[in-house]
Amino acid sequence: MAAPGLRLGAGRLFEMPAVLERLSRYNSTSQAFAEVLRLPKQQLRKLLYPLQEVERFLAPYGRQDLHLRIFDPSPEDIARADNIFTATERNRIDYVSSAVRIDHAPDLPRPEVCFIGRSNVGKSSLIKALFSLAPEVEVRVSKKPGHTKKMNFFKVGKHFTVVDMPGYGFRAPEDFVDMVETYLKERRNLKRTFLLVDSVVGIQKTDNIAIEMCEEFALPYVIVLTKIDKSSKGHLLKQVLQIQKFVNMKTQGCFPQLFPVSAVTFSGIHLLRCFIASVTGSLD
């Protein structure tokens, strides 16, 4: 299911040298993105398109069941998305409030995206990485699983709201199911749910519960593979193949393309920012 403004390029792989050349010619207003463009090409490729390494392994086999480049943003859109995530006087990025029940949630007119996942999957770390261009925004990160106990709302200018949901599984809040299920079912301005899966261990039983919830409510959602810095290329390839097969055969509402990311190396963060900006209509 494609949201307004989502650019789809079915089956077309990036011509990486051409893309990098276009990126180098693009003048972004984001100083951080300008610094990214000065990286060596191989490092830049890994940072912006982490699935490129997987593509190289799969190309000889002609795997048509994989959807590695459906979301096909232009270099200009990647830079524009970075600008949207950059805090300025005109583009305020702030923590809004927290809530334990949907009727306590702030009534915000903007499009909304939420992040859910198992305890200790790296959810808060990922959100902190997304907001790295707005360093004044405080996203609390803890090494202890189950640190997030409430729904935390962050506004990104006048564009959209990001919601950090409590983790499920170990040390989850007692009212987790009621809290999250009610939010997913009743939040009318929710545009996309981002389901985080640990790339080291893959989809777990508790993840299946969250997936079933999204499917039951007919919600558009996407799987984000976290902690790819802790996975070898071979292990990441194995997880991508297994999860892609699961998405193709077992889901209806899941976006076909996976998004591997690392909150440590920032690999995949720029592309994920662009996807968020796209599904919320912020690039229109």
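Just so it is clear, glycine is given a Cβ too, placed from its N, Cα and C backbone atoms.
Remember, it's a predicted structure, so these values are computed and weren't measured experimentally.
Copied from Swiss-Prot, the annotated features are:
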DOMAIN    109-282  domain 'EngB-type G'
BINDING   117-124, 146-150, 164-167, 226-229, 261-263  GTP binding site
BINDING   Ser124, Thr148  Mg(2+) binding site
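Taking the features listed in Swiss-Prot, we show where each one sits on the structure.
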residue : record              : Cβ within 10 Å
Gly117  : GTP binding site    : 26
Asn120  : GTP binding site    : 20
Lys123  : GTP binding site    : 26
Ser124  : Mg(2+) binding site : 21
Lys150  : GTP binding site    : 17
Pro166  : GTP binding site    : 23
Lys227  : GTP binding site    : 22
Val261  : GTP binding site    : 28
From the Cα of Ser124 (Mg(2+) binding site) across to the Cα of Lys227 (GTP binding site), what is the distance in angstrom?
-> 12
Going by DSSP, give the three-state secondary structure for Lys227 (GTP binding site).
-> coil
Using DSSP reduced to three states, classify Asn120 (GTP binding site) as helix, strand or coil.
-> coil
What is the separation, in Å, between the Cα atoms of Gly117 (GTP binding site) and Ser124 (Mg(2+) binding site)?
-> 10
Cα-Cα separation of Ser124 (Mg(2+) binding site) and Pro166 (GTP binding site), in Å?
-> 9
